[in-house]
Every structure is written in structure tokens, then in C-alpha cells.
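These features come from TrEMBL:
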type: COMPBIAS; residues: 83-97; note: compositional bias 'Low complexity'
type: COMPBIAS; residues: 98-119; note: compositional bias 'Basic and acidic residues'
type: COMPBIAS; residues: 164-210; note: compositional bias 'Basic and acidic residues'
type: DOMAIN; residues: 236-281; note: domain 'Transcriptional coactivator p15 (PC4) C-terminal'
type: REGION; residues: 68-130; note: region 'Disordered'
type: REGION; residues: 146-212; note: region 'Disordered'
């Protein structure tokens, strides 16, 4: 390893070691940090690992020796000498202490005297009130009627108190009454809206039923009507044409009369036909008419 590189590594180590926590960092990590500081290629110090390990030990010993040399200098410095008070200052301090103690004692005595005076005054007032009071045994029985009258509320006094209510309370009561009226009106409006919605739903259901209950028509003049999803209203007497055979009573199967240009195209609303398919189906209607007439006789 070059001496110039070695000296640079030593300088950087002396700066890094007191900052880094050596317990948590390994030797490989320290080598990586050195490579970054000296701007050397990665893993270039692995060849000189033994030399760098000795360098680490030397740097640590130098740092420890510096720390030991600095400690005794700090300890050898004598503490600052406290100025001893002169005799006149001591006398003044003692006098100040005595005066403070005397003032505290005087204040305590004043407080105790004031408390005692208050207690004595209260006792005297109680005694005077008891001496002036004369209790008679028959007072309760003589004035029993008067007590019963007092138990009942006097209507005149009641009216006086009611009339003396402040204006603010009256205003608050009026506001509460107005709010209650508004809430009642809102509830009535909501009930009306609900009733209207129910009526609309009933009307819609009636219209649906009317669509399915259409009057009978001649088979020749009738056109195909879409009704329930998946079904087709065709042929009079409210007969339905579906993809299933229904016992050959009222229902007619389309496949028997129509299988030439492809089958029907089912949609969400029902089954729709092209123009060609419809024309072919129209040509077959008289045959269907004959079959229905024979079965309904």
C-alpha cells in the first residue's frame, strides 16, 4: 500500500473514529466508508485488509492517549476561591435575619387575634337572638287554620307572578310555538307526498294490466304485440305465443309454422322478427286460425 494513501487514510480515520459507534459497525463497513471518503474504487482496500487493521488500532490508541492527557488538566485547575465575608458584613446579615423573624411573629399574632374576635362576635349574636325569642306551646294549635290556608296556593298572588314574567321568556315561548307549528306542517306535507306516490304506483299497475288485457281482434288484421318479457301476444282471444308447447289448447308454437329463415331473436322486452320472417308468418295465419276455431268449438 502506498504511503501517501496510508497517510490520507490515517487522517480520515482520526476524524471518523470518535464519531462512529465501533460496537455496531464491522471492519468491512469501515472499509466501505473509507473508500467513499477517499474516492477509491469499491473493494480496493480488501487486498490491504491486514495493514488497515493495524492502522485502525494505532488510530484508536492515539485518540485514547489524547483523551487521557486532556482529563488531568481539567482536574488540576483549582476551584474558584469564595470570598470570605468580612466581620461587618456578618453583623449586618445577622441583624437582617432577626428583623425578618420578628416581623413574621407579629403577623402571626395579628391573624390569631382577628380570628378570635370573629368567633366571639358570632357567639354574642347567637345568644342575643335566643334571648329575644320567646316560644309559646299553644302557638301551633291556635294558628292551625292559618297554616292550612297557607298550604293552598293563593290565586291572586299566582296571577301577579304570571304577569311579571320577563319579556325575553315570552319571546322564547313564542319562538318555540312557531317551531312546533312548522314541524307539524312539514309532517303533513310529507304524508301528502307519500299518498301521492302510492296513487301514482297504483295507476302504473293499472296501466300495465290494461296493456295485457286488450280486446279481441281478427287474426287476419292483428299485428304482433310485445307484452311480458320473453312472450309475444299474437292471435286473438289473448292467446300467447311462447317457445314452449302448451297442450295445444290456447297456445300455438311458432316453430311449427316458422322455421325457414332462421329462428326468433330474443330480447329483454320480448321476441322480435325481421320483415321477411313477419311476412312468412302472416302467410301461415289462416292455417293457425283454422286450428284455433276447431279447438274452441
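Placement of Cβ uses the backbone N, Cα and C atoms for every residue, glycine included.
Residues in the compositional bias 'Basic and acidic residues' (98-119) partition by DSSP class (helix H, G, I; strand E, B; coil) as 22 helix, 0 strand, 0 coil.
If one looks beyond the compositional bias 'Basic and acidic residues' (98-119) by at least 6 residues along the same chain, no residue has a Cβ coming under 8 Å of a Cβ in the stretch.
Helix, strand and coil counts under DSSP for the compositional bias 'Basic and acidic residues' (164-210) come to 44 helix, 0 strand, 3 coil. In the predicted model, the domain 'Transcriptional coactivator p15 (PC4) C-terminal' (236-281) has a mean pLDDT of 45.
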